[in-house]
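Beneath this line is the structure, given in structure tokens, with notes to follow.
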Amino acid sequence: RILQGLSAAILLPSTVGVLNNQFKGDHLRRAISYLMISTVGGIGLAGVIGGLIATNFGWQTNFIISIVIAFIAILLLKGTPEKVSQHSHRHPFDYKGMSIFAVMIGSFTLLLTQGFEQGWFSTFSFICLSIFIITTLIFIIIERRHEVPFIDFSVLRNRPFIGAFLNNFVLNSGLGVTVVFFIYAQTHLGLSAAQSGLVTLPYAIVAVAMIRLGEKATLRFGGKLMLIIGPLFPVIGITIISMTSLQPSQYIIAVVIGFVICAIGNGLVATPGLTIAIFSMPNEKVGLATGLYKMSGTLGGAFGIALSTTVFSILQLNYAPSVAATVTFIVSIVLMILGSLPAYMIIPKTVKS
């Protein structure tokens, strides 16, 4: 997992960098749309394909397939021309800042993902929270004094980036809805892992289809409007998913419809969210902005899973599973509504998208 994390850290900024060197103007926008199609499609199909492969061939087969795909990607990229930046002054890399940041994010992620299991008021949670607060303070102090910091805090003064960052965080917190549905479907509706994955398959298909439409809508109406409207579709979709009082067969149909509506919103914001985040930055900060934007999605997903599973588990102690699931989904609805606010309040009307 550590090596996978290192791989992701290298790939996330460099993918946009390669596209930025290969394409310009409308071609670049289209290339970014296809990049988001592969990202959203990959995430959306992972549960379905992974479940089917694990059920029929064993879970280890997923990793073998991933290795094969990685080698194919290497062959496709071989010989790709790129522009190497020439710096007149070379500065040493901020390893100290990177190490502190890793501990800071690691402790926060541990708190989110393990807090409920260990107990929110346990010694484990207290230690994680303390480490996160202390390392955050140390990181801010050290980075402010560093000539070439690991994270340039000037990006935090960029309103388009911050608006897109927060919007992406909230939208990805919706991953908690999927996880709670999987738990509810497999433990109380009698669905298998593969069957649960098939229920969410239309989500992946529609999300991928909507990305290009989101790109064209951005050209006509602007990226800010897409980021405002986008989270409102999951509000409608999750409302339908929360109707657990329906008969099982009816509920499965409602869930499929709900996930499709969620996919429309996520597909609409995929391209404008990334383009607003990175192209409102100077060229030398595009890599940093890309990495931070992608990190917001990862942290949002971890936060959504931690919040949703915690609420669901606590409510199950005193209420029926269907009631616990409904209330959990309502919490996610509130989060999605809040997701529109950063785009509306922070991002300027004249943002470049």
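All positions are counted from 1 along the displayed chain.
From the backbone N, Cα and C atoms, a Cβ is placed for every residue, glycine too.
The domain 'Major facilitator superfamily (MFS) profile' feature in TrEMBL is assigned to 1-351. Residues or ranges marked as transmembrane segment in TrEMBL: 31-53, 59-77, 98-116, 122-142, 162-185, 191-213, 225-245, 251-279, 299-317, 323-347.
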Subject >> Touch test for the transmembrane segment (225-245) and the transmembrane segment (251-279), at least 3 Cβ pairs under 8 Å >> reply: yes
**OP:** Using a Cβ distance cut-off of under 8 Å, indicate which of 31-53, 122-142, 251-279, 299-317, 323-347 has the most pairs with the transmembrane segment (98-116).
**Re:** 122-142
Original post:
Any residues 6+ beyond the ends of the transmembrane segment (191-213) with a Cβ under 8 Å from its own?
Top reply: 33, 36-37, 40-41, 43-45, 47-52, 54-55, 178, 181-182, 185, 252, 255-256, 259-260, 262-264, 266-268, 270-271
Subject >> Any contact, the transmembrane segment (31-53) to the transmembrane segment (251-279), with at least 3 Cβ pairs under 8 A >> reply: yes
Subject >> Chain residues in Cβ proximity to the transmembrane segment (299-317) (below 8 Å; excluding those fewer than six residues from its ends, i.e. six or more beyond) >> reply: 105, 108-109, 112-113, 115-116, 120, 168-177, 179-180, 183-184, 323-325, 327-328, 331-332, 335
